[in-house]
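Just below is one structure, and these are the notes that go with it.
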């Protein structure tokens, strides 16, 4: 396990509770205006360091070319682990108190540093494939209890494999993008046939996603003890879900329209290098997984605090509705990636793979409104006095995540999305 | 409905039973060697016309740039319907007996025409998203009868919506690519727990897929009467399936590992313009679909003959195991595309959307071995004397498709894939 160098400090003023300490250095894509040039940056405190400027100035040279004056991080990630390491070390040194190259160059600072509140963040990678797993035992049990059979809530395959499904890469959106309430088919119990309607049970799912850093060849599975080499970093993911549409459509081929309208991610990719000091174990896996899923390294999870806040349109403050931790996930990311490729599926740089809703054991650690309000039987009271069983128009959902140890904090920032009213449709013809 | 100009003939010698008449002109991507330059061509008889040469020579000029000296067709398709029309008219004229520009220019012919047997075909588009529907009533009924409840074979949502799921774009492969038999989790009935094994029930699924020609904006569904404007053309699709892996994994989130090892397509995209003369109706939809799926145009399907042949490793000839027709599909492509976007999902140029297995009413028109051999209870005898319930190592599966009317033929060629033995795994550590 990697250790934290507590003596490492930055000349940049960083608040103690900032997610973006010098130990973090997450990568993102930003521009100064909506249509302005997109390039790569690293978050540091409340600022963004423009990596394309460092590259131009000759302060950040990586093997094989230049990577940061580009609208996505794919080329950098694809350039390989040696470059990831080289970039991290170089950037960390440039931002440290010990190095004068940036510290003492006011002109360069003015060119290369931007306030985060002054820039616009974009999707950090072009996402070739989006997959969503279902790896929280508590979540799967809760959903199975509500919708299937409480006495057999967990299906027999659940403890044998990280169950997952293919999502829709085209609707992965970046934090801050408004989400239009979806309309589609749903079937009220009292009706013989479905109706076309705006979703009445709009929900979030608190998840993380990992970003694939190295692909494989089609037909060649990734061994579980090599899988970590294929993972570049992680983001927060709000896997927006239309529960009523999902309930009607999902048998037998799985969720489709209920999920493909928005999968919203945080803009900063926190690298596995930054998260390494926060390694911990997954829960005990019983029965022991089949050999292809059996990891040597039991430190296969991460201690990441996660929360969800709900902010109604005119409320003064947001209400925390969930606090949980990534370490509750039953299946590790390595196991997910290995299982994904075991029949030969090709994965690609930039693929995002969602954890599935991360629920803990207690009701205040459940990762979706469906579970928190227990299928609308226990509505939540917000600080504004309003109650919620699902998400209403005008509500903003904010997810946050961070790791902390020995006073050192490495965080994700947030993924934030606001719900707009459904479109109106006119089918008269 | 568009009519066929029967007087249109080519100066190129085209066999009467060729799929690639002058009325067809499907687009593909080819190279002369495996690593050679990829560029766009059109199939004509047993030859390929190199469109990049026509462009260079100034014989094929389209609005907005040049499109054919590229390794995929995405830019051409994305350039819009006016260009599709312009390209088709120009190429058809150049290949016709009436035009001398190519007919009388031997040098140009030598530069621009290649024998199909001398070139290598590649995936015609970069595929951003791959979706698979489930739109044959006969197939869904057969599968439901075998695996669920014969008295309720068709699930209640099936007649209300074109049920579909997200597939894996990264494993869409082109005809001729060998397929390694997948290994994964399967659960024999006699076992308490699953085993890791090579798939024992490897199957094909006879499908077509349409290629999206025009995307939408996220949050903005495509109206059903506009959906045809968003479809560029069609290919044949063998949706390779591992039935035993599928059976164990698919509840509740749908097929995943069972499908993501190979989705094999024919190399030539037959355009909707070429297929227009073969329009016909879908089967009557009862109950009448909800308004958002209700098409004005009842000529919303196509009369396309489809077949599957099986060729064992050392057999002298292939055996036809299925003959069916695209027109049996219950849901139209327009309805599929509209349903796909109804909650706001974004679709993109190059997306491929599979029809689902196309089964007819009679056993010899079933589109998968699962149905043809009725869950291994009625093995098929091949011309070699061997029998098959599923696909064995060394077998080649060949799918063909064509439309024909008034002596005019517009065909797809074939999608052909051979099964290689499973990898051997060593999990000792």
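Yeah, the Cβs are placed from backbone N, Cα and C, and that goes for glycine too.
Matching B:229, B:239, B:244 to the Mg(2+) binding residues that TrEMBL gives (B:259, B:263) identifies B:239. Record note: TrEMBL gives B:205, B:207, B:239 as Ca(2+)-binding, and the candidate from B:104, B:107, B:118, B:132 in that site is B:132. Less than 8 angstroms from the CB of residue B:246 (substrate binding site) sit B:255, B:258, B:259, each of them six or more residues away in the same chain. Restricting the binding-site residues B:134, B:148, B:250 to those with a CA within 10 Å of the CA of residue B:239 (Ca(2+) binding site) leaves an empty set.
Every protein chain shown contributes to the tally, and the Cβ of residue B:205 (Ca(2+) binding site) ends up with 27 other Cβ atoms within 10 Å. With the fewest other C-beta atoms within 10 Å around its C-beta, B:148 stands out among the binding-site residues B:148, B:259. Within the set of binding-site residues (B:132, B:207, B:239), the lowest number of other Cβ atoms found within 10 Å of a Cβ is recorded at B:239.
Within 10 Å of the Cβ of residue B:134 (substrate binding site) there are 23 other Cβ atoms, across all protein chains. Ranking the binding-site residues B:250, B:263, B:357 by C-beta neighbours within 10 Å puts B:357 at the top.
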